[in-house]
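A.B. asks: One structure follows; several queries about it will come next.
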Amino acid sequence: MAFQLALDALAPTTHRDPSLHPILESTVDSIRSSIQTYPWSIPKELLPLLNSYGIPTSGLGTSHHPHAAHKTIETFLLCTHWSFQATTPSSVMFMKPSKFNKLAQVNSNFRELKNYRLHPNDSTRYPFTSPDLPVFPTIFMHDALMYYHPSQIMDLFLRKPNLERLYASLVVPPEAHLSDQSFYPKLYTYTTTRHTLHYVPEGHEAGSYNQPSDAHSWLRINSIRLGNHHLSVTILESWGPVHSLLIQRGTPPPDPSLQAPPTLMTSDLFRSYQEPRLDVVSFRIPDAIELPQATFLQQPLRDRLVPRAVYNALFTYTRAVRTLRTSDPAAFVRMHSSKPDHDWVTSNAWDNLQTFALLNVPLRPNVVYHVLQSPIASLSLYLRQHWRRLTATAVPILSFLTLLQRFLPLPIPLAEVKSITAFRRELYRKKEPHHPLDVFHLQHRVRNYHSAISAVRPASPPHQKLPHALQKAALLLLRPISPLLTATPFFRSEQKSMLPNAELSWTLKRFALPWQASLVLLALSESSILLHKLFSPPTLQAQHDTYHRHLHPGSYSLQWERTPLSIPRTTAFLPFTPTTSTAPPDRSEASLPPAFASTFVPRPPPAASSPGAQPPTTTAAPPTPIEPTQRTHQNSDLALESSTSTEPPPPPIRSPDMTPSAPVLFPEINSPRRFPPQLPATPDLEPAHTPPPLSIPHQDPTDSADPLMGSHLLHHSLPAPPTHPLPSSQLLPAPLTNDPTAIGPVLPFEELHPRRYPENTATFLTRLRSLPSNHLPQPTLNCLLSAVSDQTKVSEEHLWESLQTILPDSQLSNEETNTLGLSTEHLTALAHLYNFQATVYSDRGPILFGPSDTIKRIDITHTTGPPSHFSPGKRLLGSQPSAKGHPSDPLIRAMKSFKVSGNYLPFSEAHNHPTSISHAKNLISNMKNGFDGVLSLLDVSTGQRTGPTPKERIIQIDHYLDTNPGKTTPVVHFAGFAGCGKTYPIQQLLKTKLFKDFRVSCPTTELRTEWKTAMELHGSQSWRFNTWESSILKSSRILVIDEIYKMPRGYLDLSILADPALELVIILGDPLQGEYHSQSKDSSNHRLPSETLRLLPYIDMYCWWSYRIPQCIARLFQIHSFNAWQGVIGSVSTPHDQSPVLTNSHASSLTFNSLGYRSCTISSSQGLTFCDPAIIVLDNYTKWLSSANGLVALTRSRSGVQFMGPSSYVGGTNGSSAMFSDAFNNSLIIMDRYFPSLFPQLKLITSPLTTRGPKLNGATPSASPTHRSPNFHLPPHIPLSYDRDFVTVNPTLPDQGPETRLDTHFLPPSRLPLHFDLPPAITPPPVSTSVDPPQAKASPVYPGEFFDSLAAFFLPAHDPSTREILHKDQSSNQFPWFDRPFSLSCQPSSLISAKHAPNHDPTLLPASINKRLRFRPSDSPHQITADDVVLGLQLFHSLCRAYSRQPNSTVPFNPELFAECISLNEYAQLSSKTQSTIVANASRSDPDWRHTTVKIFAKAQHKVNDGSIFGSWKACQTLALMHDYVILVLGPVKKYQRIFDNADRPPNIYSHCGKTPNQLRDWCQEHLTHSTPKIANDYTAFDQSQHGESVVLEALKMKRLNIPSHLIQLHVHLKTNVSTQFGPLTCMRLTGEPGTYDDNTDYNLAVIYSQYDVGSCPIMVSGDDSLIDHPLPTRHDWPSVLKRLHLRFKLELTSHPLFCGYYVGPAGCIRNPLALFCKLMIAVDDDALDDRRLSYLTEFTTGHLLGESLWHLLPETHVQYQSACFDFFCRRCPRHEKMLLDDSTPALSLLERITSSPRWLTKNAMYLLPAKLRLAITSLSQTQSFPESIEVSHAESELLHYVQ
């Protein structure tokens, strides 16, 4: 802690780094070790979990794996956990040999490996099956325990008496007994079906496997007992689902504490030591609590487990808020349920949690805390709190006292009258009691009792039982009548008195109530207790305990008690009887490497000639293990495994039967289906006498047969095919194979000299050096040696001699080193020898060479040349500019739009293929050494050399790959069934102009010939068709690879890397028809993963049809064929002359060719098409044909197949071909059976692609109605904030960021259902706050012009009434002047132009109807004529030409983007008007209002421009008020189109939609030229002149984007059926319909491109305004278009063009000063200057900030008005507003003053403000809402980039 405080104190100083250096230095070794041991890229969410398990992984690995966390756990188990346990020689079971070799390198005590093939797929994992059991006393069982029953483990111990310990790894989720829900779903998931548990590691479905569902019972037992045999089971460690168990012989000794004598325990302190302890185990799970069960309900435990942190936070939240609504707990839970840490919680658990929290909110603990109280007050409080309990306790006690007299006789002193005398007479005497027969001698016993009492108390006689004090009290009471008592016996007087006298007797007499009364009292007391318990609440203590137990449950722990297991018998451990073996003698680690201790060799079968050879006899074997569907280690391949092996191994064999009765923990053994029948043993397998070492997996071809290979394997192997006929040029042998200085097989350098090399740097092929150095002369081109010598201080001679000790001479002195010099292969060898790592800085960036486990580092710079050169040291290079888009994008778009016979190409997208250097290096190395291909072996020494030889070219490419990293290239994959027509559409595509720069690569010369014939190119273009080798040496923009799967592995990567000019790759092929296999035994190409799996993600769709195969073949494959010929499937004895012959081998093919038949192998016929029936030759190799080759053979011919050869090969027996047998017998060929791992993953399409747009059904989801009370009424005037009508309030709590949706509670009930109210799924990017730095410009020089002087004489003297009109005898009112103030001139300035005020001019709208509206003759819908269709198509083609689009291409519909447009449209509709306005227009959503009806009203405005200044009456602009349904449904469509238009618009076309004046200025400066004149155009009645062609154009635009058809139909229906209050209208443009501006702009642009050949000429369009930079030639078809148009043009050739109120030119743009001058005059006279001044000032600054160049934009007549405006702002604006006239950064105080009152700031003014000011203003609440806010426009322009 003190050290951390010191570091914090040093943080701001320079002493922190030196202080941290020791810490960083200490972590280097651990990080390096972690990266080397665990090199995989682990998901970041799993890294903390692995670290909590104690696994030291750093998370910095880069290798990818489908289940990297499982590999990490497994590596830790083997290399760390098991390695420490293996202290003696041990055996390992169920592990790949390669993995075992690496494990043995970690710990040499791992001596032998035993593998058993218990499943057919185990043959891919285990090369051999061990015939015997392990021999060492310690065994490690790898990931197989879950498939074995304890009885089988007992059998293993009984069969191996020397076996003491069995370490086993078990993979089973410990929570499997709860449910199918995993506690760590990111790490693993599982499901349980019947008796099988299906385990999926890290979501890798392909790596899933099955195991018995009761495998978790291994975690519930602690011992196994069979008679006198005992095995103890110990759980050593658990890492999630992986557990390490130790099973050892015997039982553990008893706990010493249990032997302690009982006499030692004199207290309770150590009492538990005397009791036996439970064997409880627990497992790590997420921190959770268990919710209580609901009352009288049973809920699964898994649905009641919730995170403790969430529960505690929710508990506090529900009691901390002031107001809690019913939806608050659910909303709180919703915030946490989406967190990744809580993915283990079920949805039912979340539901139970929020319900539990809501229903238990009222509960509070009933406790009080009285500290400072007196004892009496505390006693009073105690009695008040506990009086019920005290009473209930006292009543039974009192009831019991009533019976005490009957069971315990206690005498009570009572006075009894014996006699009464008077007048000397005895009037009364008590009779003596009668003494009945004392049966039980009670009197005797009483006397004895009294005698005993008397003996103790002799002073108490039997009949004088009164105490002495009582006797004295009696004498005092009787003293007054003592004379009368003298005669009583008490006083010993016999004389009777005259006076009345009574004789009393005082005795101790027993008294008792009747027993019936006692029982009644007792029953009443017990009843009171019962009633108290039934009707009274629990006690305070019980309430307190229940509250805390109910609302504060403890943490849930996954634990249970382990118990012993007794088994009645054993079950065989193996399915065969193992042989006996003994342990090999122990040898030192230095003398003997780890190897298989008892690897067996299959016994060769007896010779056929031996007369005594008999078939081996078989014996019965014990039952097999419990059914293991798959083993765990086949899914989580360890780190010890090769990194290139990602395919999971096969599972062990499934056991169908079981034998009876077993313990309950493993019920599978009771099932008779679990164990298989008795299997025969394999007596022909015996152990080898001399185990070969594992470190030599390959043999020299000249050596004898591999001892690990049995002769029966050699017997079934294929014979070597005959050699091919040599080509015309001489072939040379591969130098590396025949190098006498090398020995052993050809292997990658990293395998011969294993170390941690950087990826793809040590994969070059070489051989071990066998001879010492031959002292070769040092090469002349030795710059690499010089660079290394300068860095390592080792001489060049020593470096060269060192290379001759590790590399063969053929790799040191050859044509490559003599011509191009040494390469990085030699650098890697030097780095390995001298233990350094080199960083080579090439043109493409730094690349590491040499081992990574060294500390020494050197730097080398490589320049590509020519010639290339290595130099010491590091060269600093500047960064390259980033690309602005891939050059293949136009090609891909063209492919998407290309059609052949009306069908699209069958693909969806181009996939970016990241090239693999390792794949390319592997192939080029094999080509360079002559293992694949023949180019490097061609001898061209006899011919005249005009350039580098093919081998030199290959070497150059190899060098290029060493210093250039990979790149990413688009790849389009066309895949389909044989004959589906993959080639023909591509051939037609390549004939187009855009794809003319291509080349085709084919696997065979036959296929290349077919391409040449089909393309029909000139002879000079024949170089474009190549075989796969020669294609690598050529260059083109587009590469087509036909039959990609017949190319060597890595060919795609090498083709891309070898051609820097390549932009697009098109690959054709069928993954079902097999792949390439090298014919050279030295080729390492087979080490690469299969291309079928690697290219599978690129297959967007698989064409499941055929144009080739006849109907008889199509029926076999259940596929549709367009070939109507029925075809034939039969057999022939001899081939026909014209029929092609397909053979299995090259030798047979050569034989048939020599006999005069056309023949080829089945494999080489792939891609060919035959017209005659194909003849398939059947021979002894037919049964070995793969399913892929069988498919190729059956699908070559258009007319069928005929088999020639013995019919036994198609008879369906074991010696026949299964697919050929099905075909010959007309049986269906099930593709899933022949291609089980590949065919199910193909996305089949059954017909050619006719459209690319998806089909959408439905529009809006139905919403649940809200039911209200029938007597629910609202007041007549409802305020917008009224909320008493809310039935419930459910506020949304978004997961990220604030709520962006606006409130909809105020919407009219009829409009609310029209809103989707969708939350935006895409967060818009933050608006850039950066401000462009101001550029220094010369301030403009203004001629002196006084604003007031110019304004005084600007307005001419005239009578305003002369400019008005009469409409139906009523004068208009567009020039009001009466009582209007004025100060600048003699009349109000508002008379400058007409003012449209519908409220003050009743004639405005009626008088404007005839000019603004066009009516239909009847109510019938508008009919789209043929001319409309033709003109619409012409305009659409012109519009596509403007956007460089293909008219026939379509864009797939993007539902996510459309949903965002819906949200954006609703946001604009709710924010563009105030809530009061929306409520006031509730009738717009009235259901009785037909959505085709439009209400027309006049727009209120005072428009001031050049056309209206000093003009007369002007018709108003009409607005169309449409139904809300139209706006909310079609509005998103227009915004959707706008996004794509903005993305596709060429830079030479400017659209002013959503643009600011500053953007207009920048575009003009970039694109407009100084050429004059420019063409400006405006139309007369543009909206009214659009007829049916506009509807056709708009429909075609929507169809291109694949807008749902019902929306297109709705748009057409509205346009052709619109009606108003004045009558039905034509399909004219209505201002107010969705997309008015966009559609007008597109129509205008289409007309321009129909009239002119635009080319790259800059064009500006905005609605009906347009500007062309210079005159253009007219198109030849313009007259045909013009005659159909209804437009009236207003063309103007001018040197000072006006566009959207701005004068534009190459200098920029400037606001029309005349219009601005008039607006200022009107603002002054209207006394509205304070509200409008800032807006006008910002418009003025656009041109003012241009500097002196602004004068080039204005006509001379407007210079005075520009100067007057400048004078006005200088005089009338305050200082803080004048800062807008300067480019300098404003001061903070001035900024605050400007943003203090922007209430009347207009939209244009907002656009013109600098970004800093605009951001400050928008943060203020009083800013008004614009009809189209800047945020909406920005979102529309940026949305496409975040969706696509």
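Including glycine, each Cβ sits where the backbone N, Cα and C put it.
OK, Swiss-Prot features for this one:
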| type | residues | note |
| --- | --- | --- |
| DOMAIN | 58-219 | domain 'Alphavirus-like MT' |
| REGION | 571-739 | region 'Disordered' |
| COMPBIAS | 609-621 | compositional bias 'Low complexity' |
| COMPBIAS | 726-736 | compositional bias 'Low complexity' |
| DOMAIN | 728-879 | domain 'OTU' |
| DOMAIN | 730-884 | domain 'Peptidase C21' |
| ACT_SITE | Cys783 | active site, for protease activity |
| REGION | 859-887 | region 'Disordered' |
| ACT_SITE | His869 | active site, for protease activity |
| DOMAIN | 946-1103 | domain '(+)RNA virus helicase ATP-binding' |
| BINDING | Gly976, Phe977, Ala978, Gly979, Cys980, Gly981, Lys982, Thr983 | ATP binding site |
| DOMAIN | 1104-1236 | domain '(+)RNA virus helicase C-terminal' |
| DOMAIN | 1572-1678 | domain 'RdRp catalytic' |
A.B. asks: Distance between Ala978 (ATP binding site) and His869 (active site, for protease activity) at the Cα atoms, whole Å?
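C.D. replies: If we compare the Cα positions of Ala978 (ATP binding site) and His869 (active site, for protease activity), the gap is 50 Å.
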A.B. asks: Give me the DSSP three-state residue breakdown of the domain '(+)RNA virus helicase C-terminal' (1104-1236), ordered helix, strand, coil.
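C.D. replies: Going by DSSP assignments, the domain '(+)RNA virus helicase C-terminal' (1104-1236) contains 42 helix, 25 strand, 66 coil.
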A.B. asks: Counting only other Cβ atoms and using a 10 Å cut-off, which of the binding-site residues Gly979, Gly981 scores lowest?
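C.D. replies: Each of the binding-site residues Gly979, Gly981 was scored; lowest Cβ tally within 10 Å is Gly981.
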A.B. asks: I'm trying to understand the geometry here, so how far is the Cα atom of Cys980 (ATP binding site) from the Cα atom of Cys783 (active site, for protease activity), in Å to the nearest whole number?
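C.D. replies: Just about 55 Å between their Cα atoms.
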A.B. asks: Quick check for the class: what is the C-alpha distance, in angstrom and rounded, between Lys982 (ATP binding site) and His869 (active site, for protease activity)?
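C.D. replies: Computed Cα spacing between Lys982 (ATP binding site) and His869 (active site, for protease activity) is 46 Å.
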A.B. asks: Which ones in the same chain are close to Phe977 (ATP binding site), with CB under 8 Å and 6+ residues apart in sequence?
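C.D. replies: Expected: Asp1070, Leu1072, Tyr1102, Cys1103, Trp1104, Trp1105, Ser1106, Phe1117, Ile1119, Thr1195.
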A.B. asks: Which residues, same chain and not among Gly976, Phe977, Ala978, Gly979, Cys980, Gly981, Lys982, Thr983, have a CB within 8 angstroms of the centroid of the CB atoms at the recorded ATP site?
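C.D. replies: In sequence order, the nearby non-listed residues are Asp1070, Cys1103, Ser1106, Tyr1107, Arg1108.
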A.B. asks: Within 10 Å of each Cβ, count the other Cβ atoms, then let me know which of the recorded positions Cys783, Ala978, Cys980 comes out lowest.
C.D. replies: Cys783
A.B. asks: Tell me the Cα distance separating Gly979 (ATP binding site) from His869 (active site, for protease activity), rounded to the nearest angstrom.
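C.D. replies: Rounded to the nearest whole number, the Cα-Cα distance is 51 Å.
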A.B. asks: Long-range same-chain neighbours of Thr983 (ATP binding site), Cβ under 8 Å, sequence gap at least 6?
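C.D. replies: Listed in sequence order: Trp1011, Ala1014, Asp1042, Leu1068, Gly1167.
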A.B. asks: Residues with Cβ closer than 8 Å to the Cβ of Gly976 (ATP binding site), same chain and 6+ apart in sequence?
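C.D. replies: Looking at Cβ-Cβ distances below 8 Å from Gly976 (ATP binding site), excluding near sequence neighbours, one finds Pro906, Lys982, Asp1070, Tyr1102, Cys1103, Trp1104, Trp1105.
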A.B. asks: Would you list the DSSP helix, strand and coil counts for the residues of the domain 'RdRp catalytic' (1572-1678)?
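C.D. replies: Counting residues by DSSP class gives 43 helix, 23 strand, 41 coil.
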A.B. asks: Can you give me the Cα-Cα distance between Gly979 (ATP binding site) and Cys783 (active site, for protease activity) in Å, rounded to a whole number?
C.D. replies: 55
A.B. asks: Quiz question: given the recorded positions His869, Lys982, which has the greatest number of C-beta atoms lying within 10 angstroms of its own C-beta?
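C.D. replies: Per the Cβ count within 10 Å, the most buried is Lys982.
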A.B. asks: Where does Cys783 (active site, for protease activity) sit in the DSSP three-state scheme?
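C.D. replies: DSSP call for Cys783 (active site, for protease activity): helix.
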A.B. asks: Between Gly981 (ATP binding site) and Cys783 (active site, for protease activity), how many Å separate their Cα atoms?
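C.D. replies: It is 54 Å, counting Cα to Cα.
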A.B. asks: For Thr983 (ATP binding site), name the DSSP secondary structure in the helix/strand/coil scheme.
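C.D. replies: Once the DSSP labels are grouped into three classes, Thr983 (ATP binding site) ends up as helix.
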